[in-house]
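Student: The structure follows.
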Amino acid sequence: PCTASQQSFSKLSAQSRQSQMSDPDGDTDLAEKVKAEGNALFAQKKYTDAIRCYDRAIELSSRVASYYGNRAAAYIMLSRYHDALKDCRTSVSIDSNFLKGYLRLGKVLLNLGEFSESVIAFQKALVLDSSCHEAEQQLLMLKDIEDQLSSVEKRLSGGDARTALYHLDRCLQSAPHSTRLRLRRAELLIELGRHDEAAMLTTDLVRLDSSGPEVASELLLLRGLSLYYQEMHEKAQQHFAQALKMNPDCEKAKAAFKRSKRLAAAKDEANSLIKDKNYEAACTAYTNALLIDPKHDAYNAKVHCNRALSLLHLDRLQEALEDCQAALNLQPDYANAMKRLAQVQQRLEQFEEAVKTCEELQRRHPSRENRAFLQEAQLALKKSKRKCYYKILGVGQTASDDEIKRAYKKKALLHHPDRHSSATEEQKRAEETAFKDVGEAYSVLTDPQKRRRYDAGEDLEDMQQGGAGGFNGMDPNQIFAQFFGGGGGGGGFPSFHQQQHFHGGHHRGGGAGGMPGFSFSFG
């Protein structure tokens, strides 16, 4: 079923066909009726139907300026500004005294960002009516836009893209359909690192804009750059290639295409060196990769993070720490950089800082894996607040029993109180404490059960309680004597001074609990 407006339009169309049969030049009266029907539909916001009426009116009488002007108004309401522009130009070409035509033309040109032409249109309107308030207001707006655009260039020349974007957005409030201004906005968004917004804006422009090949090439370039800075390098290269097809002389597209290729190749080379455990060469490759595009935050954050891994393997911990921090400065939400930073902090014995890093990781990226990572950091912090038996003996956490025994022998002889009998009272107390700690460390680390409990982070107070697995009450002198093979007979142990005279051979312990001795001498 037809709507009332469609039925009315069909009736008018039939009348116009009948009129044209008798009058080839058309019927002005009938055209006016069709225009009136269009105006009624326009008032009801039925703009598409109104355009059909204006189309028919123009068919009936093609030299009436108001028909084109009214159709332009309907096009504007549907945001079909380029169609509106054609009708506005036609209307004033038919009637050079058509005031509404010039006002409408000026507004359309303003909306499309054609500011110079818009000024001319409003000036012509003032020639026709010197008291035209609307034309005066529009010219004031255009002067403000001119000032805003000047501020954009001034701010950009000073490196202030953020404020430049503010001024540009003020211009876009008056000219929201200006392709030129929207392209400029995409440039500024990319400059500010707001690549998601730039991608959405350029996607809309690709879909809506119907400008020529030069504008299309620039549009493809900007969309490619928005993808490039989001590390979608393959898609970005496709856009750069399309831009070059449309405009082979576009130097920016050429440079962007080459740069994207170089980034991908540099990263692949460095990653390959890491897999081959060639960490020095990997560090150099990552350093070179950082020079390709200093503005590519996402890429450079990953490069810093990967170089930190190479430096970690090379035990260059401070440099690794700096790389992790550089990665997070570029990408504050970068989970892998947070994890690597925590690892480096623990290696540097910055245990509290490592816990804070892991807490931030879990806050930003909650997961079971990251919670476990936080718990490991908290355990490492807890361990750091106890005596570090490995550090006391000067061995690593994977030290064998033989390595622990050799370390104990060296440290016990170094700190034995008899050796420091002539020292000050303060020095004696310090050496006695150190000697006790050495014996305690040896007692725990040479007992598999105690060592497991210690490595698991168990509190020393729990371990020191009496009973199985504890070492409470163990005399460090007794440990020393047992280690060096205390005497036979009644089970007595040789003194520290006796130990000093064992040179060159093996002293083998006798009696209960004796242990093999070691050849040693003081030096």
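Each Cβ is built from the backbone N, Cα and C atoms, and glycine gets one as well.
Just so you know, TrEMBL annotations never went through curation; they're auto-generated.
Copying in the features that TrEMBL gives for the protein in this structure:
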| type | residues | note |
| --- | --- | --- |
| REGION | 1-29 | region 'Disordered' |
| REPEAT | 31-64 | repeat 'TPR' |
| REPEAT | 99-132 | repeat 'TPR' |
| REPEAT | 217-250 | repeat 'TPR' |
| REPEAT | 301-334 | repeat 'TPR' |
| COILED | 334-364 | coiled coil |
| DOMAIN | 388-458 | domain 'J' |
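Explain the structural surroundings of these features, please.
Tutor: Secondary structure counts, DSSP: the repeat 'TPR' (31-64) has 27 helix, 0 strand, 7 coil.
Same-chain residues lying 6+ beyond the ends of the repeat 'TPR' (99-132) with a Cβ under 8 Å from its Cβ atoms: 65-66, 68-69, 72-73, 76, 81-82, 84-85, 88-89, 91-92, 138-139, 141-142, 145-146, 174-181.
Secondary structure of the repeat 'TPR' (217-250) per DSSP, as helix, strand and coil residue counts: 26 helix, 0 strand, 8 coil.
Summed and averaged per residue, pLDDT over the repeat 'TPR' (301-334) gives 97.
Outside the coiled coil (334-364), and at least 6 residues removed from its termini, the chain residues within Cβ reach (under 8 Å) are 301-302, 304-305, 308-309, 312, 317-318, 320-321, 324-325, 327-328, 370-371, 373-374, 377-378, 380-381, 384.
In the domain 'J' (388-458), the DSSP tally of helix, strand and coil residues is 53 helix, 0 strand, 18 coil.
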Student: Is it possible to list how many residues within the repeat 'TPR' (301-334) are helical, extended or coil according to DSSP?
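Tutor: Counts, helix then strand then coil: 27 helix, 0 strand, 7 coil.
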Student: DSSP-wise, what's the residue breakdown of the repeat 'TPR' (99-132) into helix, strand and coil?
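Tutor: Counting residues by DSSP class gives 27 helix, 0 strand, 7 coil.
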